Amino acid sequence: MPDFIRIKNNIYWISALVLCCIYLIFKILNSADYTIDYPDTSTTYLPLAEFFLQDPLAALRSEKAITVAPGSYIYMALFGAEKGNILIANMILAIMSVFIIFDTVRRVFNKKSALLAAFFYAVSPTLTEVIVPALSEPPYVFFTLVWLWSLSLIYTYPDKRWPVVLSGVSLFLSIITRGIFFYWTIAALFICATMYFLAKRTDVKRFAVRVAFSHVITAVGLSAVVVHNDYFFNTPMIATGSGAALYFGNDVVTHGYEPQYVGLLHQEWMIIDGKRSHLAPENDARLKYAAFERVKDTPLKELTIFYFNKLGVNLFFSKEHLNDYILNKRTLRISLIILALYGCFILFHNPVVVMYFFITAYAVAVLIPVMYNQRYSIGNIDLLLVIMAGVGTAVLFSKSCKTIVFVFTLIFLLSAIGGLHMAYSHPLVPNTSNRHVKMALLADENSISFNGLEGNPFIDTVHTIDNEASITWNSFDDRKKGGVPILQIDIETLDSRCRKVYFKYTADGIAPRVESLRLDGFNSPGLLNFGTQPFDRLGHKNGSITVTFECPIATEMKFNSMALYLSQAGRYYRERLPEELKVIR
């Protein structure tokens, strides 16, 4: 084909990609993530990057270096450890990613699916959270994308060696930037071996061997990092942090979520030595041991349900961060998952698609036992989903109208179920049913007052006489200490028309603070819990809490009790540490 015809044929695709990039730049520049100052950036990444610029060897051997994956701060050091430069570099990587995604998917299926995948990447409201900030995620996402691209190159160029090397190196860089795929290198060898022995086609067998060899390259690089960290820090890992991630990820009080999601505080201080960060090697080992003890103490049935819920929240997000019932991030994720699965199902004969499927499955699986944070879920799987969703969409529109209608009906129904879950599932609050949650103080009749009610709701069933009915606990300074207090109201009767509750904290020396909670899905009788971290853990003198229910006039209320509880699991597991971990060096 003459060059001018080839250029003419490609100009439309290039123009479309340029439009995607323009939109992506506009979106990034107007994103809050572009300007927000993350604590990890200023307290960890940038100081380590500056240290690395001053003395690379000393930085790599400093104890603080083991607390994060080395690639994260080395990447920032490349741009002078200046936040502005890093943000610009992240934007450049994001723009490059549009073209790499296009080329990746083009090789897997066709140009239409490639453009759709690039479009999904550019317009994704979730990926912006992980490709923009001065954190470890932007280079991690980019290196992961280069690795996925290289897998398609390995299949496209079966006689070339450089795609194999590129694959091994890019995966290595991804792992030393953010260690998500650390254990994947082992799983991949088993997958490649299985693919080799089950495949009948020669091209698939050759692909499996070459991919396996690329992972050997990755493993060699990782071994060097692990040996270095084991020698200097007695920690045979890429970085610490897995202890805290596992400990909080198996905390039934927080449902395995980031504690702030339910108004609590990270309570690693009950276990660690109190002198150094929870990321220090010894403290990381303590938390990891306590995490495994937590898992062993949990009955199998309860643990299965717990992990199943964790799987659901990692795939479909917590209602805590969703606003609209249907048009939200959960619906977007459902759409991407269905389209990606459809693309995988249709193209499962393609070994690259098979690898993408198992890579995505691994990325989801490793999220289940660790602490849930929406950003971690997005960083782990959204890139993989947009790639395969582009393929799935293109494949879908090449099928019959019946198939198209069926798939989009399925997406609509699942989105509706997601909306119903958001509307009718129990509010996200701390779980106080665990045996390590102890009562700190029970409110007595003399310390409680009420307003907007015809009588005392702790004695009789009463009706509201105002649209806002409130109860106030006037004194709790004499409570037991040793954790973040959880306010609990044992509710006997509460009208389902009460849609929202407000918590107001007043105390000496501070301005009043107010938090709210949607009552969607709350059914009486039941326990209404509230974590008090937003109220400085009730740490001020002469404090009082006013709980105000937003209800129609003449609705019924009846409360059994009001109390403060403390989650103290850390104290219990601290005592169960082996003697060598209890020693404070």
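Using N, Cα and C of the backbone, Cβ positions are placed for all residues, glycine too.
What TrEMBL says about a protein is an automatic prediction, not a curated fact.
The range from 84-102, 331-349 that TrEMBL describes as transmembrane segment is residues 84-102.
Annotated by TrEMBL as transmembrane segment, the relevant range among 140-157, 356-373 is 140-157. With a cut-off of 8 Å between Cβ atoms, the residues of this chain six or more beyond the transmembrane segment (114-134) that come close are 13, 16-17, 20-21, 23-24, 27-28, 31, 33-34, 36, 38, 41, 45-46, 76, 83, 86-87, 90-91, 93-94, 97-99, 101-106, 141-142, 329, 332-333, 336, 374-375, 378-379, 382-383, 386-387, 389-391, 393-394. Stretch with the most C-beta contacts under 8 angstroms to the transmembrane segment (208-227), considering only 169-196, 379-398, 404-424: 169-196. The average pLDDT computed for the domain 'Glycosyltransferase RgtA/B/C/D-like' (74-225) is 94.
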